[in-house]
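Copied over from Swiss-Prot:
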type    : residues                              : note
BINDING : G78, N109                             : anthranilate 1 binding site
BINDING : G78, 81-82, T86, 88-91, 106-114, S118 : 5-phospho-alpha-D-ribose 1-diphosphate binding site
BINDING : S90, E223                             : Mg(2+) 1 binding site
BINDING : R164                                  : anthranilate 2 binding site
BINDING : D222, E223                            : Mg(2+) 2 binding site
Amino acid sequence: MKEYIERVTDGDDLTQAEARAVATTVFEDATEAQIGALLTALRAKGETEAEIAGFAEGMRDAARTIRPDREGLVDTCGTGGDDYNTINVSTTSAIVAAGAGVPIAKHGNYSVSSSSGSADVLEEVGVDIEAEPPDVEETIERDGIGFMLAPVFHPAMKAVIGPRQELGMRTVFNILGPLTNPADADAQVLGVYDPDLVPVMAEALARLDVERALVVHGDGLDEIAIHGETVVAEVTDDRIAEYTITPEDMGLETRDIEAISGGSPEENAADLRGIVTGDVTGAKRDIILANAGAAIYVAGVADTHEAGVEQARQAIESGAAADKLDDLIGA
């Protein structure tokens, strides 16, 4: 560990295999001082795509994993940290996408950058967010949707809680969550808080052999935006295509970002329920359509973003999205 800390401090990059080995040491027997020194040195140097992928592999190695018997699993987990207090976009979008027939293995945690994270809002609507891995696996196989709470599936992360809190700055662990789905999702929509992270995370996903993914940053949001342009890196096998999309490209209209503001877990839970049942419309519904449509598209169920949006709309209007919320609550 000391050798790796010295190398990173000197500005040397680690290989993917070395980063994986370092992550294993961090989780198993590194001291808090060593962990803090390593994370600080990596932050100062700047983490490479290979290092990020290697750390993700090490985190996956230490995780409690599941393998649901479902083809084409999709995750909609973002990094958080965009400093906008919006409604719970990725969580609600996952439920709507499931209503459109996309099998969802949703990975998430409590709030990072808003007053209500995926775990906060799902707990508020009545989901058993602390379900054990075998139970979540069964739920995904039966209902086509399940939620995996990060602390339940990644207990080894306890080793880095102290150093991260004491450092008080972003580290590589702030971006690893979306790369470490415990169900080994085949495809995902991954939102990032910084547009500079779009190509970096896309390359990391390619190194991790994801089948298909969209890495997105929407004009300040770690989501696909309806208030402006979204930068996208689409990963397909080893190919990465970068492009931008606007609300109009998806058959939607541009909205004010203030119109998608969130609130407390109780308020966001009410919005989630209202959107999936069709009672909440306007901008809040539109941003869910945009992001659920992306999940439907990346799953291969729709051929374009716009077609995905239309299928998301149909999932809400038919009651299928509300049925998936009921399945998740009743699991």
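Note that Cβ sites are derived from N, Cα and C of the backbone, with glycine treated the same way.
A map of Swiss-Prot features onto the structure.
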{"residue": "G78", "record": "anthranilate 1 binding site", "Cβ contacts under 8 Å, 6 or more apart": "S90, P178, L190, G191, V192, D222, E223"}
{"residue": "H107", "record": "5-phospho-alpha-D-ribose 1-diphosphate binding site", "Cβ contacts under 8 Å, 6 or more apart": "D75, C77, M148, A150, F153, G177, P178, T180, N181, P182, A183, A185"}
{"residue": "N109", "record": "anthranilate 1 binding site", "Cβ contacts under 8 Å, 6 or more apart": "G117, S118, A119, L149, A150, P151, G177"}
{"residue": "Y110", "record": "5-phospho-alpha-D-ribose 1-diphosphate binding site", "Cβ contacts under 8 Å, 6 or more apart": "G117, A119, D120"}
{"residue": "R164", "record": "anthranilate 2 binding site", "Cβ contacts under 8 Å, 6 or more apart": "L39, T171, F173"}
Structural state of S90 (5-phospho-alpha-D-ribose 1-diphosphate binding site), classified by DSSP into three states: helix
Fewest Cβ neighbours within 10 Å, where candidates are the binding-site residues T86, S90: T86
Coarse DSSP state, helix versus strand versus coil, of H107 (5-phospho-alpha-D-ribose 1-diphosphate binding site): strand
